[in-house]
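Q: Next up is a structure, given as structure tokens.
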Amino acid sequence: MRKKPRFHSLKKLKVRQDWSRWTLYSLAHQRPPNVTGRTYFQQKWTAKSNTRAYHGEQIREKKWKRLFSRNLPAVVPMDFNYLAHHDGSEQAAGRGAGADSAEKLNRPPPMTPYMQMTYYPIERRLDTAIFRSLFASSVRQARQFCVHGLVKVNGKKMPYPGYMLNPGDMFQVEPSSVMFATGAPKKRTSTARKVAKEKAAARAEAREKAPQPSAPSQPEPVPTREEPTPAELKKHMQDLMEDVENVLNEDVGAKDKQKFRAFRQTVKKAVSLWKTASPETVSTLDAQFEFLKDALDKKQAAAEPSRNEPTESTALMSPEDQQKLRQAFDKLKLETEHTSAWNKKDASAPYATPWRPRDYMSAFAFIPRYLEVNQSICAAVYLRHPVARPGLAEVPTPFHLETGQLAFNWYLRRR
Amino acid sequence: MPTRLRASNLPSTVFPCSSIRPQSIPQPARISREFSQSSCRQITQRRRKFYEWMNGPGRMLKDPLPHSTNYLGAYDKFGNLIRGTFQPKDAKDATPKAEAAEGVEGVEAKPDTSSEGQESADDLDAAVSRSEREEMQKKEDGTEEGRLVPETLEDLRPFPLNRYFRSQPVLSEELREAIYQFVKRDGHSLQLASTTFGVSNERIGAVVRLKQMEKEWIAKGKILAIPYAKAVLDMLPTTPHVKERGKRAITHEPINDLIVHPATRQQLFVPVAESRHFTRVDAGKAFDNNLLPADERIPHPELIAAEKDNIDGYSVSERQRRAQERLEAEMAEKNKKKEEKRQAELASTKTVPQRRWDFVFQDVSVDSVGRNGRDPKGVGWRYGLPHQDRKKGQVKIPTKVEA
């Protein structure tokens, strides 16, 4: 069997969709296409071969041919001032080419590079979009992430790298995998080896000792009442305030996270007492705080006229308590941020720790405009299909305009 | 192969000139093929050049530049940072010159009119980099010394051969937070947020959605990828958030993009009487009967209406009132349509509640299969039309995922 050609060959320099030094080297040594002394077919063939080595190299040619579309999308930025002041008739005035005016002397709008948009359907693929949003160091790796079930589209697992994203789709990748893909690779050290061995031993021990799986804990009864009884409410409030005290006493970045966790639990319970609170509406810390405050205020307002016992109602939540609760929520937020930002040495991580970007990443780091990325949760939204606009094509392609044109012409054949 | 000549038996005169002498570079024996024991002794010229480039001109690209992008386009052939070489001591003199060279008319000079005008994307990016430069100058006056000159558009090219692509700025972290607060806390509409921040409608929606998710993660105590986020945002050009109250936000992207309609791709020659008042609407009709004029197809037609009010000489309060009225009318229309759609759906389905599940009956038509019987809207199996889904090459990847 014929030997498979090298993926990164120095003999035939090919630009690939990855962040490797070979790709960087070939990018630096690219030349515009040689059009003199070659037949048109040869030119087209070379252009096709070079561009296909970069765009969707993992897709079979036949599949790509079916994806190819000769209609290339484009937009023109409009000036609303111009639209408001003119109705377009001024362009027809004068001697056919519009009335002479000073405005006509402006420089003409730049050319719209349609020919760089040949491969725009490939940018719609999930694996390519993951690579473009800087969550993976190559398209092949992005593809692997999909196949391994690390990618979600709109909150649902999507194991198909060929899924065509629709405008408005949100995709997210497991943050630890992203840190692995974009971080510097780990060097095996003796400590790491020791840690790995200890872990394996611990796991084996746990497996041996593993008790019979106990009966699943009873799910908590869903609160069916519209509103909690005052006694219940009071008890919950006491619990909550106790946890607040605990959290306030704890330092941010403390080793023992139990108190923070307990506080989160009580807040969740306190919120779930009310039927009006669904987990979707009261999901952020601010929303939780506002909700608790409002609910208690309402309760208080309802209780006061009927019973007229100010002592009883103030016991629910005094302004000082409110202040404290606010502080506790702030502390909770700080704590999470601190834990996330804490970039410490960690032998169990699959990347070099403390985390740092991998070599040559900065030369490839750009995010095209058709994606909106939130790096801290490793999620992105595919806003729209890539478009060409005057002077700018949104498909990131490393090739010369002429190469793009030749490749486009190759695929126009028989279409 | 048995050697005929032993090196020890030969006189030294056998190798008179240096070119015949065996040329092997001493190096640890590497194996040339997996199955072979002989070592490969050559370092090819290509490989040598590769490493030369990597250790020479390519060395600067290995690690990110602090507080700056680091693309291939910013370096010359010998690996020198172009903007670094003629970096003057006082950046204040250099900035206007660079601007003049770019030939960009000031977006800044007339901030009231052109911030949302967006003639070209170049101008926008130039505005962003200019504001960055200004900020930098302020900082330079203060404390920081060793920072680089902010990059020009040339420096933002990751692919030196492609002149039509460059790395465009992304939203900075503060700007995202500001957008989220503007929409969620202050309760403004997406359209208003879009015009205020100079960010397109879709992007505003996406930013709010992603920020919401980030906050949920914080509430749940999930670990975020903050070291990664910091490193990446440091490598990318960003649009900063303008915090001063009176100042306009830096426009991130053109917000009034008109999609090129396929019907307008051809050239048309339409003879028109000179006396006729031939407007955009007529031009649209000439291309396609259903083609609306640009005024109605851009994402922010309300800006045109507001500007027209301005031209007609309404006072500020009057203009605001009219804008509010238009907004309400539009919302009412939208809600009415939504309600109608919902009612139609309700009318077409019949629900029979059961103990555990409800039975839902939906009206279907046999005719929806179309003339050749293969329309995807068709229901049920039709005699003589086998399902295609077991055939080779049939794609079963979902085409959409409900949010």
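Every residue, even glycine, has its Cβ placed from backbone N, Cα and C.
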Q: Ranges A:300-321, A:322-343: which does TrEMBL label region 'Disordered'?
A: A:300-321
Q: Same chain only, please: residues at least 6 beyond the ends of the compositional bias 'Basic and acidic residues' (A:195-210) with a C-beta under 8 Å from a C-beta of the stretch. Say none if there are none.
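A: Apart from its flanks, the compositional bias 'Basic and acidic residues' (A:195-210) reaches 347-348.
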Q: DSSP-wise, what's the residue breakdown of the compositional bias 'Basic and acidic residues' (A:195-210) into helix, strand and coil?
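A: For that range the per-state counts are 15 helix, 0 strand, 1 coil.
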Q: Using DSSP, how many residues of the domain 'RNA-binding S4' (A:124-184) fall into helix, strand and coil, respectively?
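A: Residue counts in helix, strand and coil order: 25 helix, 14 strand, 22 coil.
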